[in-house]
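What TrEMBL lists as transmembrane segment is 6-23, 48-70, 76-95, 102-121, 141-162, 169-193, 208-226, 238-258, 270-290. Annotation comment: TrEMBL describes 314-344 as region 'Disordered'.
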Amino acid sequence: AGFGAGLGLALASSTFIGGSFVLKKKGLLRLCGRARAGQGGHAYLREWLWWAGLLCMGIGEAANFAAYAFAPATLITPLGALSVLVSAVLSSIFLKDQLNVHGKIGCILSILGSTVMVIHAPHEEEVSSLESMAEKLKDPGFIVFAVCVLVSSLLLIFVAGPRYGQSNVLVYVLVCSAIGSLSVSCVKGLGIALKELFSGKPVLKEPLGWVLLVCLVICISIQINYLNKALDIFNTSVVTPIYYVLFTTAVMTCSAILFKEWQHMVLDNIIGSISGFLTIVSGIFLLHAFRDMPFTPNVLPLFLQPGRADPHLSWSSADRHQSCQHQPLLPSEDKGSQSAEEEE
């Protein structure tokens, strides 16, 4: 029951978040000459479509927050890719954005990969209370992982950032991904705390819940800051797939160390989860990397192009244009001179 609730909340979260982008974009397009957001204006605050998109975003984030309390993070985090799929499909319908063949194949791959991950994901929840969460946080393996994340993030921010941040997309995206793995752990702990609070337990007296809340605010602030830097410097079609891959990998690694979600999984389920994740990565890459690339029938093979499928047309065109195998190897003038030399 808990796994089904977490899965349903994750799917609802992706639907609401994906739809929120379309609603907010639709509201921004209705400004009609008024001061736009890109020009520093705030006329979008008077558009009900923009507020509807903001409401959908809040509902989606709340559903995603609650999903971590019921299902493993190994399942919830990769399913966030479905919000990109929903946004792309709805944009092609309501905003008339182009969704080429690469994008459609990417959507199909994302759905297939998500299905495979749902089938092979761990169904049992390893942490069900704040007491067990506290025991998990004291694990030496997680302490080493957290120290490595913090040290590497500091090095990326203060050493690699000033030198390579403007030229290498991985610098700021790695900071967001590494810190994001810790923020997901905080979200999962707070979700468990809220679930216990609604069941009547005195959670507000537990210091762990407040510590997790403070850590979550700090982690999210760092993520937003450096993700905005990456988006400001580099193209969105480059940042989005790289961030998804690195963030999801970091979260799955953190969950495997902290919650031991992969400890009781058989080899088939481990291979299935990894295969599903890589399939989603391939779909997201196709959806973003080739989004602005025009795909016309002229780039198709000849037998797939319109008009080439008719065999009579193909044979008639072949009669008009001789194959290079039947053309003379020498021009006509050279051939004539060659025959004259032979006669002499």
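Cβ coordinates are placed from backbone N, Cα and C, and glycine is handled just like the others.
Fair warning: this is a prediction, and the values are worked out from it, not measured in the lab.
Between the transmembrane segment (102-121) and the transmembrane segment (238-258), the number of CB pairs under 8 angstroms, six or more residues apart, is fewer than three, so the stretches are not in contact. Against the transmembrane segment (238-258), stretch 169-193 shows more Cβ pairs under 8 Å than any other of 6-23, 141-162, 169-193, 270-290.
Listed as Cβ neighbours of the transmembrane segment (208-226) (distance under 8 Å, sequence separation of 6 or more from its ends, same chain) are residues 130, 133-134, 153, 157, 172-173, 175-176, 179-180, 182-183, 186-187, 189-190, 193. Sequence-distant contacts of the transmembrane segment (48-70), counting only residues of its own chain at least 6 positions beyond either end whose CB sits under 8 Å from a CB of the stretch, comprise 2-3, 5-7, 9-10, 12-17, 19-28, 30, 76, 80, 83, 125, 184, 187-188, 190-192, 194-195.
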